[in-house]
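Novice: What TrEMBL records for this protein is below:
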COILED    226-257  coiled coil
COMPBIAS  36-48  compositional bias 'Low complexity'
COMPBIAS  50-61  compositional bias 'Basic and acidic residues'
COMPBIAS  369-380  compositional bias 'Basic residues'
COMPBIAS  381-391  compositional bias 'Basic and acidic residues'
DOMAIN    147-215  domain 'HMG box'
DOMAIN    263-329  domain 'HMG box'
DOMAIN    392-460  domain 'HMG box'
REGION    1-61  region 'Disordered'
REGION    85-105  region 'Disordered'
REGION    121-153  region 'Disordered'
REGION    343-405  region 'Disordered'
Amino acid sequence: MGDTVVPVATKRGRGRKVLKDKTPSTNEANIIAGKVSESSVTPISPSSKQDSKKEQSFEKELLQMQEMLQQMRLDKEKTEELLKAKDEALKQKDEELENRGREQEKLQVELKKLQKLKEFKPTMNLPVMKDNETKKDKKKKAGGSEKKRPSPPYILWMKDQWNEIKKTNPEAEFKETSNMLGAKWKTVSAEEKKPYEEKYHAEKEAYLQVIAKEKRESEAMRLFEEEQKQRTAMELLEQYMQFKQEAEKEIKKNKKEKDPLKPKHPMSAYFLFTNDRRAALLAENKNFLEVPKITAEEWKNMTEEQRRPYEEMAKKNKEKYALEMEAYKQKKDEEAAHLMKEEEEHMKLQKQEALQLLKKKEKTDNIIKKTKQNRQKKKQNKEDKNSDPNRPKRPPSSFILFSKEARKTLQDERSGINTSTLNALVSLKWKELSEEDRQFWNSQASDAMEAYKKEMEEYNKSLSAKAE
């Protein structure tokens, strides 16, 4: 068989360059083919063995290259998939950004609409919350008192004895003097301690009374505020709904209304002169822009005698304006004082209502505590009902007699008044009564009490007679 020798590309070394094998021409190929056919009968030379080894190594390299190509194709497919996933994520982000942009545009349109609307101003007086509160205010809210605690009898005695010990021991320090006083206090008899203890107990009672009063008032105000919050919330809601309906109709802002009663500021001498000259200059067919220039030049060239009538007129107007402003300010101050007075009265009423709320709460607490006693009393009440109906009734007190009359007058003056406010007004009027007026109601109550006592005596006599 005639095997053709294929030239194999050898590997290049690092140092030397390998010469390229020339491709044989057609004549040379025929000669080589003839030589090979001749040598085919002859045994295989060592050079042909080397060629076969080279072919095997070349095939191995080809296989490796094919595997590498296949691996690269797989990597390429993976990268393409990752790129697709990234593109999808970017598209989603773009869509989200577009949606956000649309939402922001909508919000801006709504904000512009809201800016055109009027400002909501409730008609009621809302409680003002102060951020910067002092320690005293916080103590008051917590139920503390501004009044100092009473000092114990030892400290009262120590204040009296301090100067005497300082005279005897002027070089003694604070700690030494306090130790000396402590040792001396132990030797003091009970009779000597008695005035200090009495003073301490008196101060303590007064302090406890003040604290109890303040705690009671703070608790009452807290209850009142809770109830008032509920009322204000409902009123605010109603007012806001009305405001919203009106504000949607009105888009333009209303300008701030000036006080029509406030006197106008007087004109200066120069403006009085320009008012006189303007009509004449306009009659001469002068332009509106030219008029102020002409009047300014004329005013500059005028003498003092020519200016005097305008200056006198301006001076009179100024004096008149000052008087009017004084009267206006006085009126405003009176209105402010009247408002302050109304606010104080309103606060008094609120306090009274708050105290009444507290009383209601205390009553409910007492009812809960006395449930067992009430059950026992029910039996007694049934027995009392079955007892004598001729027993005289106990007369009302002076306050109840006064409240009956005051309620009638207040209901006539203020129709549809709330019961809590009515009770508060009645109690306020009772406190503000003079001694003479209060004496009148006290005398009526005392007369009724004397009559009741006489009736009770007669009733008791009749009972004893029946029993005999």
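Here the Cβ of each residue, glycine as well, is placed from N, Cα and C on the backbone.
The structure displayed is predicted, hence computed values, not measured ones.
Give me the structural setting of these features: burial, nearby parts and distances.
Specialist: Per-residue pLDDT, averaged across the coiled coil (226-257), gives 72.
The helix, strand and coil residue counts that DSSP assigns across the compositional bias 'Basic and acidic residues' (50-61) are 12 helix, 0 strand, 0 coil.
For the region 'Disordered' (343-405), residue counts in helix, strand and coil come to 51 helix, 0 strand, 12 coil, using DSSP.
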Novice: Restricting to the same chain and to residues at least six past its boundaries, which positions have a Cβ under 8 Å from a Cβ of the region 'Disordered' (85-105)?
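Specialist: Non-local partners: none at all.
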Novice: Looking only at the domain 'HMG box' (263-329), how are its residues distributed among DSSP helix, strand and coil?
Specialist: 53 helix, 0 strand, 14 coil
